[in-house]
Amino acid sequence: MTTIRQRRVGKGTEAAEDQPSEETNVKPDGKIPPDPAGGKLWNILSITVGGIVAIALGLVTSVYVATLHENDLWFSNIKEVEREISFRTECGLYYSYYKQMIQAASIQQGLHGLVYDNKTESVRTINILERMNVYQEVFLSILYRILPIQQYLEPVYFYIYTLFGLQAVYVIALYVTSWLLSGTWLSGLLAACWYITNRVDTTRVEFTIPLRENWALPFFAVQIAAITYLLRTHLQPAQERLTLMVVFIATFLFSLTWQFNQFMMLIQALALFILDCLDMLPTAKVTWLYIIQISGLLLVCVLQFFNSMILGSLLISFNVSVLIARTIQKNLKKGGLLKRLGKLILHALLVLCLTLLINKFIKKILNLESDEHIFKFLKAKFGFGATRDFDANLYLCEEAFGLLPLNTFSRLSSTLLFYVYGFVLFLLTVAAVIVAFRNLSGSNHVQLKEKMEEYTVTLKPDAAYSLVHTVLFGCLALSTMRMKYLWTSHMCVFASFGLCSTEVWKLILKCLHLYTSQRTQVIKYSIPIITLLYISFKFWPGIMDELAELREFYDPDTVELMNWIKSNTPSTAVFAGSMQLLAGVKLCTGRTLTNHPHYEDKNLRERTKQIYQIYAKRSPGDVYGILRSFGTDYVILEDSICYERRHSRGCRLRDLLDVANGHIMDGSGENEPDLKPSLYPRFCEEIKKNLPSYTMHFTRVFQNKTFHVYKLAKHK
């Protein structure tokens, strides 16, 4: 069990907006006043200062998380095997391909080893580039090999520094998005500070470095910043084309680096669909964004050797359906309120039916079942019937896939983030509902403009998109804790935008009958500055204490296991065990695995369920036959799984296996009526008694406080 222990002592003000809103630049008669003397120079100065602050905050964040990682593990002092063990579960699997590429005799040989891989899944040859999103490891390894840095920088540091560097890109993108929405870089400064002070809930990069989301989310943030700029009015054609190119590149990189990209972009497409239906976004730009999503995903599909899971994604089916439905129904945005509502309901139903039909057709043609576990999980999670499906229950019982804990909100509230976010969200939601209603009602344009003057903030397409984006990703985060990082980072952007927005404060003051231009400007700058001062005084001492706390990596049992495997087993040996442990076995020892944590393959899921019978109530002959069918030479049993106490009854791995096998669970408590007692004791417990029925198949060759390794006999 990996733990962290205390380290032993041993070795050595902005005054103006850079982008004033259109409202402040337009007179009631629609004429644009002349630019005051020095205004252009002031804007250039503001943009320069804001840009410098953005880059500085990005670099500070990067250094901050890198320092936390070093202080937490004493990474610079521990052995290579300990560094690799610190890349837990699937992180270790992904990093192993970077290591494999680095150690290959040539780049060509390294790529060949990935395309024809027979060590990740025993008795099978798989294409890693098709199955997994590891192009970033390939690119980084090639970069490391061709750059003259080998003498100065170890491969592992080149890898982790790249990830920490991407955090700088992430923060800069959040900063720019908030700046674009509000028109002032003070908003970006506040967003970045909230991101840093709420680090526990906005990122986990410092302890899950190779995780796919840590590669992907910075590109997703860049994409959102580019979309925010694209949705501004009065862009020049050249600006629009350049922005669309940035959106495409960011979308492509986001899709290339994370296997769950299609689900995140489906939510994004749904946000665009809702806003387009409510006439709150320009249809032409929305169409371009649909096309960019499809083309980006298809390009990734080509690079991943026509991965069927991408072709069968709901995102492609949905976007194609929207474009077809729009062609069929051409007059969606004409008519009165009731007529338009009726058209929109029919439009939504048509899109839904087309999406399901197209998706089902594609999956039927491709015989696609790779993502069925996700839909089984969603069905069980939202109460559409209980399930005994092992894969679905494996997700349901993990805390990361449960509901967002309530203590998250108390942490976010301590920095004032959640309070400000909730206030801005409520205000803009009410205003957006009114605007949507008036858009659909087809009121006279002049009357609408006069009546809605105080709601102009919600008429801005970029603000409207940000609102729906944060609502939809908020729903995702509330339902699945692991996805909170997509929401909390944007929460920082949305809250800071609301606090620094001229339109928001103008709306509030007009409702209170206190509006003056000067008062709006004073509040717009003073409230964010006060908030920044409060955050600085309250959290600066804690951050300094956190940076001063020194600990070190400590997992002697796993280190002993890995060293034993490297020293006492053939390089061609095949190992079976838990998914999480085997990822480390591959990284640290290079041995062949029977299963691993990358779960997006039906055959692998079935294989994993079979391998996990080592923790079920099965006969030694049955377990031996299963293991040998996958070419297993050694099996590793973990006491932390066999005698698990982390989960409650019904969610322990052994309970999931018992229920899936139709057996009664251990311990006191209820069982479903059709479950029956097993004819055999639990394999992982009984094997330790060295009974003849077990020793004829299994010989214990290694043991410590955590792990037991058994060698399988090779019967003729």
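Glycine is no exception: its Cβ is also placed from the backbone N, Cα and C atoms.
Marked as compositional bias 'Basic residues' by TrEMBL: 1-10.
The region 'Disordered' annotation in TrEMBL covers 1-33.
Per TrEMBL, transmembrane segment is recorded for 41-66 (among others).
A Cβ distance under 8 Å defines the sequence-distant neighbours of the transmembrane segment (156-174), meaning residues of its chain 6+ beyond its ends; these are 54-55, 57-59, 61-63, 65-66, 69, 75, 80, 83, 95, 98, 140, 143-144, 149, 188, 191-192, 195-196, 203, 205, 209-210, 214-215, 217-218, 221-222, 224-225, 489-490, 492-493. The annotation transmembrane segment is assigned in TrEMBL to 156-174 (among others).
Per TrEMBL, the feature transmembrane segment maps to 217-235 (among others). Listed by sequence, the residues of this chain that lie at least six past the ends of the transmembrane segment (217-235) yet keep a Cβ under 8 A from its Cβ atoms are 22, 166-167, 169-170, 173-174, 176-177, 180-181, 243-244, 246-247, 250-251, 253-254, 257, 264, 281-282, 285, 289, 460-462, 465-466, 469, 485-486, 489-490.
Sequence annotations record features per position, and here TrEMBL assigns transmembrane segment to 242-258 (among others).
According to TrEMBL, the transmembrane segment annotation covers 288-306 (among others). Taking Cβ pairs closer than 8 Å, the transmembrane segment (288-306) reaches residues 127, 129-130, 133, 135, 227, 230, 244, 247-248, 251-252, 254-256, 261-262, 265, 268-269, 272, 313, 315-316, 319-320, 322-323 in its own chain, all 6 or more past its ends.
According to TrEMBL, the feature transmembrane segment maps to 312-329 (among others). Using a Cβ-Cβ cut-off under 8 Å and counting only residues 6 or more beyond its ends in the same chain, the transmembrane segment (312-329) has close neighbours at 262-263, 265-266, 269-270, 273, 287, 290-291, 293-294, 297-298, 343, 346-347, 350-352, 354-356, 358-359, 362-363, 366, 368, 370-371.
Proximity of distant same-chain residues to the transmembrane segment (341-362), defined by a Cβ-Cβ separation under 8 Å and at least 6 residues beyond the stretch ends, is recorded for 273, 277, 311-312, 314, 316-318, 320-322, 324-325, 328-329, 331-332, 335, 368, 440. Feature annotation from TrEMBL assigns transmembrane segment to 341-362 (among others).
Residues or ranges marked as transmembrane segment in TrEMBL: 416-441 (among others).
As annotated by TrEMBL, transmembrane segment applies to 487-509 (among others).
Here TrEMBL flags 521-540 (among others) as transmembrane segment.
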